[in-house]
Amino acid sequence: MAEAHQAVAFQFTVTPEGVDFQLSREVLKHIYLSVIRSWKKRLIRIKNGILRGVYPGSPTSWLVVVMATAGSSYYNVDISMGLVYYIQRWLPEGRPYRTPYTRTLFSMAIFSTGVWMMGIFFFRQTLKLLLSYHGWMFELHGQTSHLTRVWAVCVRLLSGRRPMLYSFQTSLPKLPVPSVPATVHRYLESVEHLLDDEQYYRMETLAKEFEEKTAPRLQKYLVLKSWWATNYVSDWWEEYVYLRGRNPIVVNSNYYVMDLVLVKNTDVQAARLGNAVHAMITYRRKLDREEIKPVMALGLVPMCSYQMERMFNTTRIPGKDTDVLQHLPDSRHVAVYHKGRFFKVWLYEGSRLLKPRDLEMQFQRILDDPSPPQPGEERLAALTAGGRVEWAQARQAFFSSGKNKAALDAIERAAFFVALDEESHHYDPEDEASLSLYGKALLHGNCYNRWFDKSFTLISFKNGQLGLNTEHAWADAPIIGHLWEFVLGTDSFHLGYTETGHCLGKPNPVLPPPQRLQWDIPKQCQAVIESSYQVAKALADDVELYCFQFLPFGKGLIKKCRTSPDAFVQIALQLAHFRDRGKFCLTYEASMTRMFREGRTETVRSCTRESTAFVQAMVQGRHLNEDLQRLFRKAAEKHQNMYRLAMTGAGIDRHLFCLYVVSKYLGVESPFLAEVLSEPWRLSTSQIAQFQIRMFDPNKYPKHLGAGGGFGPVADDGYGVSYMIAGENTIFFHVSSKFSSSETNAQRFGNQIRQALLDIANLFQVPKADG
């Protein structure tokens, strides 16, 4: 389609007089504008680096200190206690210090700058110390202590005004290393009710032997690492949990995010995509300029923002032993897949970001292009869905030179990947299966219409519905959720559409069309592609996904029960699982540790002794409501306490994981660690964050709700459950399992979740919403 329009900076022809160069003014103009844009970005980064480096100080505060020093000198008050005079003596003779007056001014400026820098250092260290206090998390709602109130005032005073995205990074405390006895004790407490007496005695013996003999040496190395590393967990977690995994990342690692499902802005596929891509690049520009406000817990405690750095221009590159994340400082295009063809779409005209209407025109050109796929091109992306070793070998053998390398570079160096699907998906409340089919399309598609290695793939369906498929190694779900909230809010409330559903404005018809990527894929490579496709297809076909909207109530009713919404849902999941399987199991709930620098996640083992006691009492059906309420509140309090411990660095699993990594480096065998890390998570759960950005008033626009997202089951005979408490009156659930397991059924478990929520709510006899 676009071969004839490929831009070249110059052409040359051989004549009798020699070689005649013909420079293209248009291309040189674009090169010039590109250089200008690149330098502008560098200058912005330098400026932001300086402002970030002196935060919470500012040029204004520096000027105040200088003026205070000069003013005191005017009134013959030496607040420097002779230091200004001492500095003046050491200034070299001659220019620019020729007169005593200029020497004095320079001395005052140097002294003031030193005082200013010392103040910044003091404020930062004090703020870091204050942010290490987590007592506020363990206080009952509405019962704030005097200590916490004083702490909050101090944090607010030291946090400065108008912080940039990364302003607090150096003030965040490091993730603390828990003590081995505390971790072992909490671990044994988490499994005691899941094991019989003989199994528990055996595990207790292994734990005691580990604690006394093996752990002290491992702990010393781990503490040593925590001293010099920014975070003692995150780099190993990224490498060993994600990048060293050799299994396919589709279903096993990548997750999906859904669009708004109760409102629709347009049915025009290219228009919706044009607005979304424009909003994403606008977000990237804000990200580069650090104009995005850091996420603050309670509007007071900053969360770590480092994961956002690799949101765009990032690709997971396969390797034989381990993958690597390739992140580029900038990218001016997106890669697009449609009907088996790959395209390169430029996002800028010179230094100007294309308007939504221009982007709509470019995507419509791709939709209208009738050209067929090249041999081997249609299913090429299946390589990213198959085994990692096979992909690494194929990449080295067939994509390391020539046009294949150039085309692959265009994809891997893109800002992100776009999939233009030919089918339609949406949520129809009257059709229960519609949400599940939508989720399946986002999770794996047809296994070759997503580039699973990109940081994220933006998926556009024929009816204008959108969604994301996200690679997991570079960041966790709240990070991509932050971007998605911005995109959906910008699309609905800032960009808008015409009455006919197109983007606002007029397109620029002289824009060169998208560039078709060229491939030369030999038969041997096509065989590898087909093999990877069959592997991925078997995985995808085995996934049973059941997504549903729970309408009877949401967090509004749960709050009336005077309990945490997350604890309420987690206990309901335990009740549902016991009814479904007739037994309890290790349960994984993801929590975050972003109150610490470069923190990612920690595990909450939410199947507790207290929750099992409540479930057993519910199932027996012989207890009074008052007794059941008491057991429920006890279970909810235990869950909340465990969640708080995980968030404040006192979790179990990341500590044991790191001790295991140290043991492998040292060649030390630990039966206890080997057994703990091989235990299957048959119920893996996660709550989806929302309203991280206030783009609109949810009370005024209650139907502007996304349905969250989901992931595949972690264990072959287990369930994966994600949920989003989407408002006062609704909860979305995404339940996954495998068809190949005779013990699990996603829809059956989803129905058990529904009933468990209703049964627990009935204990409190609180009226439910209609629906």
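Quick reminder: no glycine exception, Cβ is built from N, Cα and C everywhere.
As recorded in Swiss-Prot, the features of this protein are as follows:
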{"type": "ACT_SITE", "residues": "His472", "note": "active site, proton acceptor"}
{"type": "BINDING", "residues": "Gly554, Lys555, Gly556, Leu557, Ile558, Lys559, Lys560, Cys561, Arg562, Thr563, Ser564, Pro565, Asp566", "note": "CoA binding site"}
{"type": "BINDING", "residues": "Tyr588, Thr601", "note": "(R)-carnitine binding site"}
{"type": "TOPO_DOM", "residues": "1-47", "note": "topological domain 'Cytoplasmic'"}
{"type": "TOPO_DOM", "residues": "74-101", "note": "topological domain 'Mitochondrial intermembrane'"}
{"type": "TOPO_DOM", "residues": "122-771", "note": "topological domain 'Cytoplasmic'"}
{"type": "TRANSMEM", "residues": "48-73", "note": "transmembrane segment"}
{"type": "TRANSMEM", "residues": "102-121", "note": "transmembrane segment"}
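Looking only at the binding-site residues Gly554, Gly556, Asp566, the one with its C-alpha closest to His472 (active site, proton acceptor) is Asp566. Asp566 (CoA binding site) sits 13 Å from Tyr588 ((R)-carnitine binding site), taking the C-alpha atoms as the reference points. Ile558 (CoA binding site) sits 26 Å from Thr601 ((R)-carnitine binding site), taking the C-alpha atoms as the reference points. On its own chain, Tyr588 ((R)-carnitine binding site) has Thr603, Val604, Arg605, Ser606, Trp681, Leu683, Ser684, Thr685, Val714 as residues at least 6 apart in sequence with a Cβ closer than 8 Å to its own Cβ.
A Cα-Cα distance of 20 Å separates Ser564 (CoA binding site) from Thr601 ((R)-carnitine binding site).
Within 8 Å of the centroid of the Cβ atoms of Gly554, Lys555, Gly556, Leu557, Ile558, Lys559, Lys560, Cys561, Arg562, Thr563, Ser564, Pro565, Asp566, where the record puts CoA, the same chain has further Cβ atoms from Phe568. The separation of Gly556 (CoA binding site) from Thr601 ((R)-carnitine binding site), Cα to Cα, is 27 Å. Residues Gly554, Lys555, Gly556, Leu557, Ile558, Lys559, Lys560, Cys561, Arg562, Thr563, Ser564, Pro565, Asp566, recorded as binding CoA, reach a greatest CA to CA spacing of 14 Å.
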